[in-house]
Structure formats: C-alpha cells, structure tokens
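My structure is below; once you've seen it, I'll send some questions.
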Amino acid sequence: MESEVTPNTAGGSSSRDRSSTWTSKPFVVVPNDDAVNLPEIAAAAVKQFALSSPDIILTFVSGTRAFGTWKNEDHRAALQKGIIKIINACETWILDAGLDYGLSRMIGNAVRDEQRYRKSRKEYEMFAKGHQQQPHSRHSVVLMGITATALLEGKSDQDPLGTDPSHTHFIFVNGPVEAVATRQANLAVELVHQTMHVLQKIPNSPSNVPDLAIPSSAAAGENVSEKLAQHEQIPLVAMLVQGDETALDMVEIYLKHGVPVLVVKGTGLMADVLAFAFEECKELGPGPHLEKLRLDMTKHIGRIFPASVADGSLENLCEKLLKCIGLAKQPDKELMSVIASSEYLSDLDSIVLPVIFAARSPSLNALPQQISKDFLLTMKLNRPNLARANVLRRDYDGVVLANNELFEKALLWLGRESFVEEFMEGDIAVHKFLNHSSLLRLFRLADNRDFFVALLEDIFPGRFSQNESFEESLVTVDLNLIIQQLTTLPKFLSMHELSSNYFGLYAHDAFVAERKAMNALMVWAVLMNRFSLAETLLKFCEDPIPMALFVSAMFRGLSGHCDASLTTKLHEQSRNFSMKAIDILDMSYRESSERTFDLLNQKFADFNNKTPIKMAYESENKFFLAHESCQIWLTRLWEGGIKVYGPTDSLIPSEAKLIISALLLFPINFWIQFDSKEFLKHQEADNAADINENGSLHNDVPLEQDDPVGRLLRNISRHGDPMDLSSPKNNETSEATLQKLEDLSLLESRLVSGKPTEPLSLNVPRKRAPPVIRYHRRRKALPFWRKVYYLWSAPRTKFWMFQLFYWVYLAIFSIAVILPSCNKTHLDAVIFIWTAFGVIELGLRTAYQARHDFPVSIRRRVIEIVVTIVFVLAAVILRRYSGLVRPLYTRALFATGLLYMYYRMISVFFPMNPDLGPTLYRIKRMILVDFVSFVRLAFPFILANLFVLQAVMYPDVPFGVETWRQGFHRAFFTLFTAFIQEIDYTPRCEATRIFNHSDTCWTGDYADHTCPTLGVISYVLNIQYWIIMRLILMVLLSALFAATMIKVKEDAEYIFKYQRYSTVLDFASRSALPPPLSVVGYLFDWIVACCARTKRIDPGHRKQLTQPRSIKLIDRRSAVIRSNESYSYWMGLTKEYYRKKAEEERERKVPAEQLKKINALSAEQSTLRGELAVLGEKLKQLEGTCTTLLDFEKARFSAAE
C-alpha cells in the first residue's frame, strides 16, 4: 500500500521509489516543503492504512543518534513487557522513529516476539480445534514509524540507518534532521485529529462522540482549539526515554498541543535532564530560585551533553527546558509527569492512565460521555483501582454503573470481576439487564467458551460444535436439562418469567425478579467455568448459603463431564464454595443460633422448595452436613422433643430406660422429659407458623421469651399438641383466628408505642380460650396418652424399638435354621409372616418416602424388596413341596436368608452409632477399593498356578470335576494357609512308585494318581507361588488396609455425619410400631383414608392423623417465611465474610511485600554504595590535583622570593 503520487502528499515519484527500497510495509511520504499540508498527509495515512479505531496512542520520543545502554536491563525488559501488555489489552497505536536503532529497535523486538507468539498460538488453535475454527480475536498491532529520510540516506556525514522490520506502517519525512523533529510531533497530533474525523463519519463507532469537541470548552468559557479537544478524546501520550536536543523540540511541540508528556527518569540523557529540571522547579517554585535553577540546569546539561558547551548551545537548551516546564504548568491540568525507571514499567498502563486523566480539562472530564469512555478504557486495561479513584468519583449521577452495555462487557471479558463488583455495589438492576435474549448473547459472545462447548458436546452428542452459533433453544430448553443433570434440580430457570420481569411484567415483585436474574447469571458464570466471577456474584445473592450449595453441586456435576485434567480443579472449586457456605453458616451460628436454625428449616422456592440440609445431602456435600448446627438440627429431630431423665453415668443406660418406658409405659412419668427447652422453642415457632397459615401472618424470626406478644402466642396453644391440629382445643374457625390476630396486632402496636397496656376484650369464646386473656406462668401437664404418643413417635424410640424387634426376629430365625427340619413347622410360619410384614412395611415406607421426596435409593429398595419376596416365596414352596429338591438345599436357602438378615441389620442400625458408623465406612472402603484392587492383582497369579501346580504335581489324575476342585482349592486357599503336606513323602505313596516308565503311558512317579509327584520343579513352583501370595501380596493387602485406615480417618467422620441425615429421616418417616405390629398402624391409616374418602374426616385432619409426627415437625419448621430484613442480614453477613477473607489475604501477603521492599532497598543501597565509591575515587583525584597545585604554587612562590 502506497500513498497517491501527488505534489502535496508523496513528494514526487522519485521520492516514492526511494521509499520502496527502505521498506515493503505500507507507507506515506511527506515532501520537504515548508508549505506542506500536514492535515492532508495525516488524512491520507488514515485513509490508506485503514486502521482500527485506537483506544490509546503512545508516541515515544528518543534520540536518533544519541542512545545509550540501559543501566538496568530488567528495567528495559519491564518497559517492553508493559508495551506489549497495553497492545494486548486494547487497540493501541505505537508511534516512534521507525529506525533499526535505539528505542525503536527495542520496541520492534518486543513486537516481533509478540507477533511470533500470536502466530504460533493461532497455528496451535487451528490444529487443536480444526481448520475451520476461527481463533480468538486479538487486538491488532500498529507500530508506526515516523522516519526522517535523511537518516536513511546517511546525510550529514553519518552512516545510514535502516528501518526496523517489525514496524507495520511508516510515514517518511523528507528534509534535514533538525527540521523533521517538529514535523514528527505535529504529524502525531494530526493523526489523532484526522482519525476522529473518520470515526465521526462511521455510525455506531465506539469513538463517535462529536459533542465533546467544542461544546465542552465553550460551556466552561474556555478558548480551547478543536485539535486539543480531539486528542483528548483519543488519548495521546508522549513518552520521553533518553533523547537528545531534537527530542526536546518534540516535547515542546507536544506540550504546545496540550499532549501530556511522560518522562522516564533514570534512562539517561535528555530524559534525566528534563526530569531534574521539572522536579527542581516543582520543588523550589517560582520566584527568586529561578537563577539558581538555571545554574543547576547548566551544570547538569554540561555534564550529560559536553558538546553543548563547546558549540555554545548550552544556554539555548536551558531556555528550551524552562520553556517546556512553563508549558507544562497549567492551572487545571498536569501536562508533564515524571516516573523513575524501575520494574514497575511492566505495568505501563497503570502509569499512563493517570497521566491521561490529569491532562484533561475538568469540564471535559465531567461529561457523562467522557466518563463512560474513560471507564471503558480502564475496564479494557483491567485497572479497577484507577476506575474507582479517577473515573467513578466523577460520576455523580451514577450513569456509568447503570449502563447495561458496560455491565455486559464486564461480564463477558475475562478477569473483570472487580468491575462486576462495582456494578453490583452500584445497585444495577440485573433483572432490567437480563432476559432470554441477553442471556443467549452472553453464551454466544463470552471469552473462551471452549469449556462450555465441550460440556454441550458431552451432554448432547452431535448437536453442538465450536463452529456453530448457539440457537435460542439453548436457553429455553437445553439449559434446564443441563442444570438438572448437574444438580438434579428440574426447571430451575424460567425464560418466560425472566423476560417478563425484564419488561416490568412481574410474576411476583421486583425483589423476586432480581433474585431470579441473579440465579440465571450465576448459572451462566458456572457453566462458563468463571470461578472468580461466581465468587463475586455470591456476595450479592439474597440467599448466599443455598446459592453456594447450588454452585458447589454444579461444579461437582461439571467434574463428571470434562477432561480428566480439569476434574481435580473443578472438585477444588466445588469444595471452595462448600466451605463458603459452611463459613457463612458458622458466622451466623455464632451470632444467632436461632436464626441459623430458621435458615436450616427454610424451604427455598428458587431451589424446588428444598432446605439447605436437603440440598447439601443431594449434592453429597458431607462437609456442610458435618457442621455443628446441622448436627444439632439432626439431633433435635432425632430426639423428637423427648429426653431421658437421669445422669449419664447411671447404672441403667438411657437407651434401656427409653425401651422400658416404651414397653411398660408407666416409667414415662419419671424417666421421660417432654419440655426440652430446645424443642420447646421449635414448638413455639411451630405454633406461630400454625397461626401464620390460618391468618396469613408471616414471622421472620422466633419470638423472644420476654416478649408479651410472644407469650400470648404461646398461651394460645398451651393446652394441646402444637403439631396436632386434630385436637379439639386447637380446632378453631378461621374467623376466630383472624380476630385473635387483630387483638395481637393491637397489643403489639401498644407495646411499640410505649403506651400502657389496657385489658383487651378479645372476641373469643371464654369457655374455649381462657388462656388468651391470662398469662400462664406454668405449663399444664400433658395427658398420659399424649405422652405415649410422643414417646412412640420419636425417631430415637423407633430406632431402638425396631432394633429390639429385629433382634427378636433374628433370634427366632436362627433357632428355626439350626433346629432339625422336621420339628420347626410353626417357627417357619412365624418367620414367613414376620418377613412378609417386614416387606410390606418396607414397601409402604419406600412409597411414602419417594412421594415426599425423601433421600432414598429407589433402585436399592426395589432390589431389596424383590430379593426378600423371592426368598419368602422360594422358602414357602420348598417347605410345602419338600420333594422338589434335597432338604439340604432348603436348609442352605434358609441359612443364606439368615446371613442376609444379619448383614442387613449391620447396614440399617450400626451407622447411627458414632463409633461403629465411621468404622463401617472404613470397612466398606477396604472391601470395595483395596480388596478389589488386591483381587485384580492376585487373580493372574491364582489362575496361572491353578493349572501349573495341578499339571506338575498330579499329572495322571483323570480330567474331571475333581481336577478343577483340587486345583481351585490349592490355588485359592493358599491365601490363608500353605499346603505343606502335599510336598511330603509318605510310605503309602512310596509303595506304589514306578521305576520303569518305558512300557507304560504314565507321567508321574507313582502308580496311584492321587500321590503328588515331587521333585525340583515341584518345589520351585510351590515356593515361588507361596512367596508371591503369602509374603508379598498378603503383606501388600495389609499395607493397603493400614493406609486406608489412616487416609480416611477424617473423611470417615464426615461420611458418618453425612449418612446420619438419611438414617434420621428414614426412622422419622417410619411407622410408630415395628413389624409385625406395623400392620396395626397401617390399618388405622387405611380406616382414616376411607373416612376421608367418605368425607367423614377433613383432608387436613387426615394428614395430621396419618402423617408421622416427626415429619410434621419438619414441615412446620419449614413453613416459616422470611422477611426482607432477613435477606439483608444474610447479604450483610456474606459481605462481612468476604471482607474478613480479604483482610486475611492481605495479611498473608504482607511478608512477601515486605521482602520485596527489603530487596528493593538492598538493591538501591548497593547502587548508592557504587555511586559513593565513584565519588570517593573522584574526591581522591581532586585531592591529588589540589595537592599538586598547592605544591606547584609553593614552588612558584619560593622561586619568586
């Protein structure tokens, strides 16, 4: 690409021909003419280069011939790294001299390495994802050289220089080197001006903001040129690195145009001189110090540029320096900044941004359009601290944080979690941003969506690929299927409700709409594997603990659909969110335990009306369920509101007291306690929940003990079972309940206002509710029959009664098995009937648990029921028709059934024991993991030696079943004992030894084929087998068991506490009577169902009569609805948790930061020592010179005398 050959732009065809020999890159030539139209040149360059819209333009000013080596190569590498970092973060134009020398070569080398990396990365992506896959788009590299042709032609008696091959565009300027410098600076400003003109003509251009030019200045009454306003819209920053006299001229031109100049002190030459002058002037200030500053600058220039002393340009340079400093001083701007050369140059963007903001006029900085552009620029460069300090503090109206487009970019771009947090802190309405279309756009436009596409390909094989755009069905249909497969939650998101909320057609209210939108946004973040973004969003969730459990379950589910290299990372992320839920729960538990239990009881509509404990169990989150509060919740449910009197060291164990009380009933009065404080609080909350259901009153927190309204509520239901609405004393009409609520509201308003409470005339029949009027100090004793009902309904009682009856069943079964077959007909009938009742109870319980979504494995239960039914039928048939098979087989069937029942007892009752439960898990791990691995390893040895030893030791045994039995017996049982007797010589076998084998077809040494043939081969084969099996593999199995015991010691405790939930709920949902008495309870339920069908009993009463009391406790506790105050509490608690974590992280980083500062001070100290050593040498030289001069003067004075 070349410029048009016109007198004003290209300088003639001869000039163009010479330029073509300097570079093959696109170029434009500026003729050597003082009347040249630079705006036309810049316009031609912008038009012909067809470059993308820049976000930042950096122009580097340095020397063309005077360029020294860096004092510290790490600083040079840091500057290169900082330049590449800006290029990769946003659209950046880099302008320099374009020479294969000095700073231009250094920048070109950095750009060359970056282009090579991009090329290799592109080839890798094309190879890994297919040739049709488009690689990720990256910002273009624009390295433009504004080059003096005099330097390329070698004029002024100097060797010619070449152009840097890594530059992408060139503007060649004809003329002498001294005059070219000002043209270079003016061209850089004109490029910005012409670029703005081009962008203003493009619709929807990101830089198309024409109203920022003149109106911003005019509004403030300022006289600012249009070019000045243009370069303020496209940030242009000049960086001075080293440099000579011509560099100072360029700095002066930039300052005249209002372009900020960044001086890198410590690089040497003119940069150090200008930095010294600027800092000294800034420190001394205007006034009488000017002459001193001029003298100091003269010395400094003379030392760095000794040639200026010889040619008399020292004073001229000093005047230029003072002029530049004067131009940099603006009343409302800072046009010059000085930074020290250091390793922090790698963060060049964080250095340039404050310079850009400080160089603008306040009126321009205050415009909403400019604030939005500045915020977008800081977001591209990922500098949230600068955005907060320099941009958002100017946004008084909150325009930026309410911009949905900027919020979408913050979500889409990787690593912008801090900006997302700023938006969320700014109270952006997420439901006004997110609908089904915007959610689909997030999936389509997200950075690095490879993980999500791989997930789709695994879940929906053949439907999705990298090259295809996602269809609308992804969010309307497939998204819920993905969530259900990962977390078992069906229909988690409703796109119809999401879009309705977006348009203001709320299904509930704005708060629910916001929560639904946050749920959808969290799902998107997790599916994109944006762990940090999910952490940020969790801070602003109304239900942080359920959401953390949900996200943990999603990451756990994702680990099963990804590459093995990501599985460990996803498990860690799942564990991380699980720990967040635990930490927040622990903070709440330490502050308010009752509020914590309210949360654990709460059913969340967004998560399919599941409680946090149930969510944790279904997602196999054993760590959450192992928390102290969850275990206390389970213990309260396990106890069922009863406690056993007496000290723990009593001669009669509490379990024995419980069983005796349940069987004999009369010990209930002195061994069983029903007014447990912990359970009473829940009863009172349940009573309030009863009133809530009837009167539409929702309480958020439990009522305090000293609250008169709370006491009044408690007295309403003192005289009956709070969980039994069938009690006639609690069976009130809705009108009476509403009247009670009105009276309670009146009483509460008087208490709040501080007025004395007058007696209330409650419109409730006095004969039915006298407790409503009076405050009772003591609780009326429960009727005895209700105590019995409470005792037998407690899961703890059911556990011991079921176990007791099961032991009786096993005892009868064991006797039936061991007695002779002809004398146990009646016992067999008892076993059959008892087992049948047990199967019926198990089947009905499984159906009930499945219908009420209990944690139960339906498949395992079905297998158990089928196996038991098959056993009962087979046993009945074989006992009835004894001639079908041998009686021994029938007896073996009974023995197998008895063995199964004993093993079943271990799996049902032992897991509740805090000692046996973890031990059972360890045994299970040893069997299913270690022993299976051992068997897989030992099986080849067993199989090989089965044939080898049989063939060598018994070569003449006839082939048959006995051969297989004998080989298997020897090979397998060597695991437990060594068959030493087989390799002993016996007299019986020696009597049949064969001495001549020539006339018989016989292989062994003995005529009796049952005698083992012994010899060296037999000994060697047996010894190697015994060594492998007895000394190696068995020892290895013991080592595996020991390692498992150590490895799963802590995990076993978590597993025990996790499985305790399913066991407690299993016994809570069981009937009060164990088999075979359970038939009585189910007959009662069937009678109640029949009465309800004939409308003799109300359906609500039927539920109260038939539902287990423990389940009623769960349902009532879950019915409490929380208020907005509770949501604010949990959100505030989450933010406090994150604040503490951030503080801990800062404290953790303090030692590293201190070490870094110490190293920097040590390096600076070493540098100062070197400088002091040089000064010492110079002082010695000066001292020697002074001594010589003194001696010379003394000698001359002596001669004169």
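Just so it is clear, glycine is given a Cβ too, placed from its N, Cα and C backbone atoms.
According to TrEMBL, the protein carries these features:
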type	residues	note
REGION	1-21	region 'Disordered'
COMPBIAS	1-12	compositional bias 'Polar residues'
DOMAIN	44-324	domain 'TRPM SLOG'
DOMAIN	415-627	domain 'TRPM-like'
TRANSMEM	799-819	transmembrane segment
TRANSMEM	862-882	transmembrane segment
TRANSMEM	888-906	transmembrane segment
TRANSMEM	927-949	transmembrane segment
TRANSMEM	1023-1046	transmembrane segment
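Just tell me what is around each of these and how deep it sits.
Residues of the same chain lying 6 or more positions beyond the ends of the transmembrane segment (799-819) and with a Cβ under 8 Å from any Cβ of it are 655, 658-659, 662, 792, 827-828, 830-831, 834, 838, 891, 894-895, 897-898, 901-902, 905, 908-909, 912, 1067, 1070, 1073-1075, 1077.
Here the transmembrane segment (862-882) has Cβ contacts under 8 Å with residues 828, 831-832, 835-836, 838-839, 842-843, 846, 889-890, 893-894, 897, 900, 904 of the same chain, all six or more residues outside its ends.
Beyond the ends of the transmembrane segment (888-906), by six or more residues, the same chain brings 803, 806-807, 809-810, 813-814, 816-817, 821, 864, 867, 871, 874-875, 878-879, 882, 920 to within a C-beta distance below 8 angstroms of the stretch.
Cβ atoms under 8 Å from those of the transmembrane segment (927-949) belong to residues 967-968, 970-972, 974-975, 1021-1022, 1025, 1028-1029, 1033, 1036-1037, 1040-1041, 1044 of the same chain, restricted to positions at least 6 beyond its ends.
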Compute the average pLDDT of the predicted model within the domain 'TRPM-like' (415-627).
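Residues in the domain 'TRPM-like' (415-627) carry a mean pLDDT of 90 in this prediction.
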